[in-house]
Every structure is written in C-alpha cells, then in structure tokens.
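Worksheet for the structure shown next.
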Amino acid sequence: MEDEQEPPLQPRTQIQGRVLFLTVCAAGIGGTFQFGYNLSIINAPTLHIQEFTNETWWARTGWPLPDHLVLLVWSLIVSLYPLGGLFGALLAGPFAIKLGRKKSLLVNNIFVVAAAILFGFSRRAGSFEMIVLGRLLVGVSAGVSMNIQPMYLGESAPKELRGAVAMTSAIFTALGIVMGQVVGLRELLGGPQAWPLLLASCLVPGVLQLASLPLLPESPRYLLIDRGDSATCLAALQRLRGTTEVMVELAELEEERAACQDGRARRPWELFQDGALRRQVISLVVLSSAMELCGNDAIYAYASSVFREAGVPQEKVQYAIVGTGCCELLTAFVSCMVIERVGRRVLLVGGYCLMTCWGSVFTVALCLQSSFPWMPYLAMSCIFAFILSFGIGPAGVTGILATELFDQKARPAAYMVCGAIMWTMLFLVGLGFPFLMEGLSHFLYVPFLGVCVCGALYTGFFLPETKGKTFLEISEELHRLNFPGQSQGPTWRGPEVIRSTEL
C-alpha cells in the first residue's frame, strides 16, 4: 500500500519545496520593498509638491507662502517618514508577539491603504496636509515591516539557508529603491500632473502581499515556542521544507523552546539590564548605528551634484541615479548567494574596509576636482564603488543580527531596539547632512570614514560568526563570551511551553 503512494508523493514534494521561495517573495513585496520604494519616489516630485503647497496656500488665503515656509513644509514631508518609521519600529515588537509574524505583516497594510488614499486625493482636496499625514503613515508601515520581515524569514528558513533568506530583505529594499527611481522618471509618473498617482502607487505592492501571504505558513518557531502549537508547527515545517522528514529540526526547536525558560517575552529595556545579553546588545547598537552613519544615504544625496560636475547633462542625471540603485541591487544579489559560504563577518569587514577605501578616494577627488579635468570622473566612479561596497555587507548582514544573536523571547524586543536606533540615526543624518555639507565642504566624508573604520574593527574583533549554526548553538557560544568562566549556556529543563504573549 505504501509503495503505491510513492509516485504521486514525489511531484507534490517538489511543489511544496517552492513554498519557502514564495514566502520570501510575499513577505518582501509588502515589506522592505515598500521601505525602499517610498524612500526613493519622494525625490522625483519635489518641485511639483512644493508648487502645490504654495498654490494651495494662495487659494486659501490669497497670499503666496514665503519660500522658507514652503521649504519647511517640504522638510516636514521628508522627515516624517523616518519619524513614522521610529513609531513603527516600536509597534513591531507587540505586533509580532500578539498577532504573530505573518498576521503582523498583513495588518500592517492598513497603514499603506490609508496613506495611498490620502496621497491619491490630496490634490483634488487641495490639502498638502494629507501628504504630510500620508508620509507619516507609510513611515509607520516601513518601520513595522523592516523589523518583522527579517524576523519572520529568519525563523522560517533552515539553518543552512538562514543567512541567504534573511539577506533577501536587502534585495527587496534595493529593488524598491530602483523601482521607485524608475517609476519616478519624468516619462512615467514623475511629471507635474501624475505625482499623486506616483505617491499612491505604494498601494500596488500592499495589495500583492494581501493577496499572497495568507496562503503561506506562519513562522514555525512562533507557533511552537510562543503559541505552544506543535501540530501547526509541524505542518508549517513540512510545507516550508517540502518534505515530511522534519523530525530532526523539530527536535532542535523543542530544545530551543526548553532553553527559553522565562514565561514571557523580554521588554526592550530588559535587554540592557541582562548580563547574559551584553555582547549581543553592544553588537546590535554598534553595528546598527554604523550602518546608518556610514554615509551611504549621504552619497545618494551628493550623487546629483557629482554627476553634473562630471559633465552628465542635467536631463540625464536621473538615469545615472537609477544606475546607483542598480548597483546596490546587484551586490545584494551577490551577497545573498555567497553569505552561507564566506560567512557574516567577512562580508561586514570587507564591506566597511572597501567603503573606507573608496570614501577616502572620493574625498581626495572632491578636493582636486578643479585641478585635474578627470577628477570629477574619478569622483563619479567612487560613488558607484562606495554603493557597491555598502551592498556587499552592511546593507543586508546588519539586518540579520537581531534574528541570529537573540533567542525567541528576546528577539522582538531586539528588533524594537534595532529599529529605533536605525530610524533615529536616519532622521539625524537627514537633518544634519546639509550642515555637514556646508561646514566641511570637500571633507564631508571624513566623519563617515571614521564610522566605517569603527564598524570594521568591531566586527573583526568582537562579533562571533553564526554561519551554519542553530539558534541554540549561537546562544551557547554567546553565553561563553559573556561569562568566560562558565562552560555552557542554556540547558534543557523540561518540555515547558513558552507562551510569550506579553511584551
């Protein structure tokens, strides 16, 4: 009887093997893709939105809005995105625990739908305030998804593919940036009449996620460790792995569940009070800060002027900027393919070292661009090389740290801390960059180079390698690093079910 069932089982197993890939795509398209997309589409309609703000004010009062107030409203529109991201990062922890990883991503699309409606009807309603509120809402959505997507994928992937699967968050971010740059071209939705549609187009990836993600399984770790649902966990594992032979991995999850002895999830401030998490928290704070302060976002802001200095015509600069997004997308793909071979530390150290090198050359090229006619071209090459170096390591590997360095009960709180740091740094860089640009001139990149050097040194000396290890093995190694006098970390204390429903 068993022999008769063998043939039909084989093709069904092959079909089920695609579930992990579909999970990655469904989580990514409405997750970090939205972050990159909404980050880049705001650049194209800058002048159109400023004109709309001035016209709206004139229609209401009969007086034009002074230039400095138009600039203030525009700055508010731009800066509310990272501020919303900070709020979203703080919401991500409670969402992940109370709703689960998958349902949190689905509920998060409420913010996207509301923002798209505000954007789409803002010009018809004659209200620039709707744009301001819409940017805050897409920021909240990005803050939630940037924390929950890598958590969801990292917990759903097998240990042999965990790094590569988690790196897809960086791929979707870069893909979102490129798509936003392309859709924002003047020939598409970047014109003076189409900008409300451009801003409202964030609805499309949200709808795609709402249509696809409900068909895919929840994180097996969340189901077993947080919910105590062994049967649903087993079914999710079998679908994600494409095979019924998952008992070895299920036993590892049982060990991990038993090692999580506290009956509730950690709160963010408790991470800083626990000596057993000292190395993890320091690594998270240092490397999350380094990723935002390394100067990659600033190089995007400086790219337009450097391209013009290199002789690129003004009407062609937008296409050169699309090329910078393609560079980051390319290296994100490459890193995804090699991360399980070379490890996390090599990519991080290599990325920061290369960024230091190209940032130094970029500074020299800016200082000498008036002395040699070919210096602007060298500066332009350095922009592409710097972005390629960022994509090799820091862009993707940093997002994996909270998944791999923390156990199930501390992971949501770790992502809240990580998200709060990254969005705060992004806000401060955006706020302070114009002043750095004015005060340091050609030496603008010197502070960023110092951050890159610190990131490389910390990774090389203090960050443990996690390639190919189970979460329990990583926890035991970190326990030895935090308490050198002790020989082992968490131990089995019985099959206790951890219901982490309180943050």
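A Cβ is built for glycine as well, from the same backbone N, Cα and C atoms used for every other residue.
Under the heading transmembrane segment, TrEMBL lists 19-37, 71-93, 105-122, 128-149, 161-183, 317-339, 346-372, 378-402, 414-437, 443-463. What TrEMBL lists as domain 'Major facilitator superfamily (MFS) profile' is 24-467.
Sequence-distant contacts of the transmembrane segment (71-93) (same chain, six or more residues past either end, CB-CB distance under 8 Å): 35, 38-39, 42, 46, 49-50, 53, 65, 104, 111, 128, 131-132, 135-148, 265, 268, 412-413, 415-416, 418-420, 422-424, 426-427, 430-431, 503.
Residues 27, 30-31, 34, 88, 95, 99, 128, 130-131, 133-135, 137-138, 140-141, 144-145, 148-149, 152, 196-197, 199-203, 206, 209-210, 213-214 of the same chain lie 6+ residues outside the transmembrane segment (105-122) yet bring a C-beta within less than 8 angstroms of a C-beta in it. The stretches the transmembrane segment (128-149) and the transmembrane segment (414-437) are in mutual contact, each linked to the other by at least three Cβ pairs under 8 Å (pairs 6 or more apart in sequence).
Restricting the average to the domain 'Major facilitator superfamily (MFS) profile' (24-467) gives a pLDDT of 86.
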